[in-house]
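Enquirer: My structure is below; once you've seen it, I'll send some questions.
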């Protein structure tokens, strides 16, 4: 059974459940797995957040829930149309499409939540249902050939800014590659530095420019390079709590998306820096930690995703030195330094 | 003389001027055209902001200016290295590189200003000097073939998210195209809608996804499609003061960059919507104007760039109806509507 049939089957299942209830003269209701914090659990074996087995019921017998049930069914029906015609819509577009329904959404927040309810109820991702986020994913540079919409694209021949991961990355087929690893960097400034210094040759890698917090499409892409292509994935971000956490969400997923982390998290991905130790060892230009940085580091310290000794040590060290540093601060030693000295030393240490 | 020689010539000129001063036993000084508001003028003939002819002097005879002069010369020297080796650096990297100078920058703001001083003094763009912004430009989809870094890229064969305009767009050569016009849209949501509904075929156009406020590279790209390829450029943004102004900065440039508007502005580009009239005529889903929207609309009304009757009418109308609408609000009539009905009607009206 191909994916399209699977998704359509799940959508029909939702509708048929309601019809069955009606025919059996019981009040129609939908079982929705709970996304409350008490039902979000860090799974030590899987190394990411998952949902527990608690769920709630949305029943037409409850006046307060009637509108939500109707919105879920309308949304499911809209998604069925998308999947059948192989189209996609942004969640913003769906919000406007709902103007034509009897149960239109009051605001974007409301339609987003129904989208997530549908994800968790059907056990598929929003993207599987044709509902796309607004933003594109990361930029990729290096020897990877993909089939995107019947066109073959090589990410070494897509221009200096590389191949853009589109929200529909799951429809993209990996055809061929000639690399040994993937190195993701936080900013496009560092991406262009890596391209210019030919890091893709030197490290025989794909370079991925995350553009800050990684989009869902980027996380899917990184997971697929790791699990489908068997490539090690390294993440090189700024040396501050925000850089750490951008990496950690790629590695262990977010609590908010616990119901889809199995599709998004890459537990084998590794943080390649910048660490507090790097700040000291490389004598990097720094900024003083702000109050909000300190607060955030203390939160991370208690977060189950940061349970490894490596993180405990680095977070404590950063709090002790009271300083943070950006990726681009290596330029103090010249533009080439990060590719010629820093990354080789770090990769050597991690891969030996 | 090729561009590289021209830029190197300008940089050497700056240094030689100082050497000449020393040899003639006069106090070295650099003439820097003034970027103060009183020296920024809207040029009716050119249809964008330009700098007037006032300038200031940065002199080594003035204690307060010694550091600035030294920073300008150090920056010029750094840029000379970039241009000679055909490398680029982000302005953030330059900030860190300055750590190795005797006159390092106190903060990013200080180094940005020196970058602009150098632009205006030498009469070239920052990008010509090898100093790049962090962010990439827009996404382009459609039948355009470019030569980017010795690789030929066709923007119809770069994947669903298209070809990314890199900060180094000026080094990219336009080889061939098969289109009649360029349509730029504000959001990537609308970009993907246009691609999915095959707007590039229907309107025989390039689709450009601006991603909000257009990056300098995007503005260069649009100017080049208009002036080098002779293509009409249309901009279809949200129907609110922010959407208007994203379009206007593409058309008539910004005051802040008056000294480089001749490289960035596309005075022939046209606003294709969403207008206040569209909101009424198409009965679009709207949001109420917020206080800040009203304030901004009143500012635009007085701005010389909005002198045309078209803008005067539409701004007044929007203030009167008190409502704004997003591009994606056309989805009320179905996802295809914007491509099948709205854009054809608007283009017909504008091109007839």
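Cβ coordinates are placed from backbone N, Cα and C, and glycine is handled just like the others.
In TrEMBL, annotation is done automatically, which means it is predicted and not curated.
What TrEMBL records for this protein is below:
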type: ACT_SITE; residues: B:96; note: active site, O-(5'-phospho-DNA)-tyrosine intermediate
type: BINDING; residues: B:186, B:238; note: Mg(2+) binding site
type: DOMAIN; residues: B:134-177; note: domain 'Type II DNA topoisomerase VI subunit A all-beta'
type: DOMAIN; residues: B:182-347; note: domain 'Topoisomerase 6 subunit A/Spo11 TOPRIM'
Enquirer: For chain A, which of the recorded positions B:96, B:186, B:238 fall under 8 Å by Cβ?
Expert: B:96
Enquirer: Three-state secondary structure of residue B:96 (active site, O-(5'-phospho-DNA)-tyrosine intermediate) from DSSP?
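Expert: Going by the DSSP assignment, residue B:96 (active site, O-(5'-phospho-DNA)-tyrosine intermediate) falls within a helical segment, counted as helix.
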Enquirer: Count up the helix, strand and coil residues in the domain 'Type II DNA topoisomerase VI subunit A all-beta' (B:134-177) according to DSSP, in that order.
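Expert: Per-class counts: 3 helix, 19 strand, 22 coil.
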Enquirer: Kindly assign residue B:238 (Mg(2+) binding site) to one of the three DSSP-derived states: helix, strand or coil.
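Expert: Coil, per DSSP.
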Enquirer: Relative to the Cβ position of residue B:96 (active site, O-(5'-phospho-DNA)-tyrosine intermediate), how many further Cβ atoms are located within 10 Å?
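Expert: Here the count is 26.
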Enquirer: Taking only the Cα atoms, work out how far residue B:186 (Mg(2+) binding site) lies from residue B:96 (active site, O-(5'-phospho-DNA)-tyrosine intermediate), in Å, as a whole number.
Expert: 33
Enquirer: At a 10 Å cut-off from the C-beta of residue B:238 (Mg(2+) binding site), count the other C-beta atoms across all protein chains.
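Expert: For residue B:238 (Mg(2+) binding site), the count of other Cβ atoms within 10 Å is 23.
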Enquirer: How big is the gap, in Å, between the Cα of residue B:96 (active site, O-(5'-phospho-DNA)-tyrosine intermediate) and that of residue B:238 (Mg(2+) binding site), rounded to a whole number?
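Expert: That comes out at 38 Å between the alpha carbons.
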Enquirer: On average, what pLDDT score does this prediction assign to the domain 'Type II DNA topoisomerase VI subunit A all-beta' (B:134-177)?
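Expert: Here the predicted model's pLDDT, averaged over the domain 'Type II DNA topoisomerase VI subunit A all-beta' (B:134-177), is 93.
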